[in-house]
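Database features, via Swiss-Prot:
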- 5-37: FAD binding site (BINDING)
- G152, G153, G154, F155, I156, G157, L158, E159, V160, A161: NAD(+) binding site (BINDING)
Amino acid sequence: MSADPFVIVGAGHAARRTAEALRARDADAPIVMIGAERELPYDRPALSKDALLNDDGEQRAFVRDAAWYDAQRIALRLGTRVDAIEREAQRVRLDDGTTLPYAKLVLATGSRVRTFGGPIDAGVVAHYVRTVADARALRAQLVRGRRVAVLGGGFIGLEVAAAARQLGCNVTVIDPAARLLQRALPEVVGAYAHRLHDERGVGFQMATLPRAIRAAAGGGAIVETDRGDVHADVVVVGIGVLPNVELAQAAGLDVDNGIRVDAGCRTADRAIFAAGEVTMHFNPLLGRHVRIESWQVAENQPAVAAANLLGADDAYAELPWLWSDQYDCNLQMLGLFGAGQTTVVRGDPARGPFTVFGLGGDGRIVAAAAVNLGRDIGAARRLIAAGAMPDPQQLADPTVGLKTFL
């Protein structure tokens with residue numbers, strides 16, 4: 001066996017899970033994890049939720065402490081950037097000019113925030129929520145009575161809005177889309193989210209394009225939009241993320257809205273794998289390549305990468321699943337909603353709880369979204385796996401058990 005280590009580029013959730021899985025399968029393999037941040041690996045979902053509310057929420061993002069990595073003999077090189085992959089020499093070049101050979105390489109480089117595209121005046125801070133440092137900086141600004149402008153009506157923007165309202169801030173959400181959660185979920189779910197926040201005092205400016213973030217004369221900021229100005233003490237931008245593919249692209253690997261890999265996390269270079277939300281991975285259940293920004297991918301896909309690094313032939317095959325917690329509301333989504341689907345609403349979409357099912361052209365259930373009905377997601381998973389084709393009227397009737405359709 002080569003004395004060269006397994007090298008993991010990235011030090012986030014997917015990187016940690018890759019290292020855990022490698023160590024579980026091979027007690028002796030040398031493992032090196034390289035990350036640009038100086039923090040220990042942490043899970044990101046808490047950053048836009050509990051980490052904005054209290055210190056305990058931030059601490060829960062750190063699943064493993066430094067002693068665990070030492071005990072597992074996983075070498076951490078934090079605050080270090082990989083500048084290049086030298087594929088022929090099978091080594092990576094670091095930002096200090098040194099190189100590190102690898103037996104196999106895993107790219108778990110994750111993603112970065114999509115930044116605001118308009119001008120921002122000097123001295124004005126536009127907050128993002130991607131790192132622990134981001135969450136700390138924003139939490140310090142969420143003081144009761146402050147005006148908070150949130151640019152973006154997706155999951156991150158709404159979670160930040162919920163946290164800010166819980167802390168007593170006055171919140172306005174601004175989004176160019178006509179409705180909330182427009183990119184991922186049916187209209188009925190976005191309408192429910194709108195009511196949920198509206199009832200708690202969040203203001204909305206939908207179908208509104210932010211153009212610039214200016215410094216206000218008396219302090220704070222002004223968000224200039226195509227429909228007027230929004231005055232704020234704190235501005236938060238939550239308009240999506242971009243996969244960190246530059247390292248892979250410079251190395252000549254296939255990149256297509258993510259690092260393109262097969263179901264086994266393999267790139268075209270059999271010494272290089274990729275895992276986590278940076279991957280455009282083939283999903284056997286969907287029959288196509290997808291890039292999914294979710295905790296589930298970071299949690300479970302790395303086990304497949306680790307197994308195949310060591311010679312297995314496993315495949316990552318899970319339906320996309322994600323969740324969002326806003327106030328006392330839990331929203332879960334399974335599968336992918338898309339054009340051409342028929343939606344069936346089960347329950348009370350005005351007050352909740354309710355579930356929305358997406359039916360494909362042949363009548364099979366292909367997706368589901370549940371508001372405060374997590375058990376329906378478990379049932380939907382079984383129905384999708386069984387290829388269930390329920391009668392839409394019966395499916396919409398909450399008195400008819402979902403088991404009936406199996």
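Cβ from N, Cα, C; glycine included.
When each of the binding-site residues G10, P30, G152 is scored by how many other Cβ atoms sit within 10 Å of its Cβ, P30 comes out lowest. All protein chains shown were included, and the count of other CB atoms within 10 Å of the CB of G35 (FAD binding site) stands at 25. With every protein chain in view, the residue among the binding-site residues A15, L158 whose Cβ has the most Cβ partners within 10 Å turns out to be L158. Under the three-state DSSP scheme, G35 (FAD binding site) falls in the strand class. Nearest Cα neighbour of I156 (NAD(+) binding site) among the listed binding-site residues (G10, E20, P30): G10.
The secondary structure of G154 (NAD(+) binding site), as reduced to three states from DSSP, is coil rather than helix or strand. Taking Cβ-Cβ distances under 8 Å and a sequence gap of 6 or more within the same chain, the neighbours of V160 (NAD(+) binding site) are S48, L52, V129, L138, V150, V236, G238.
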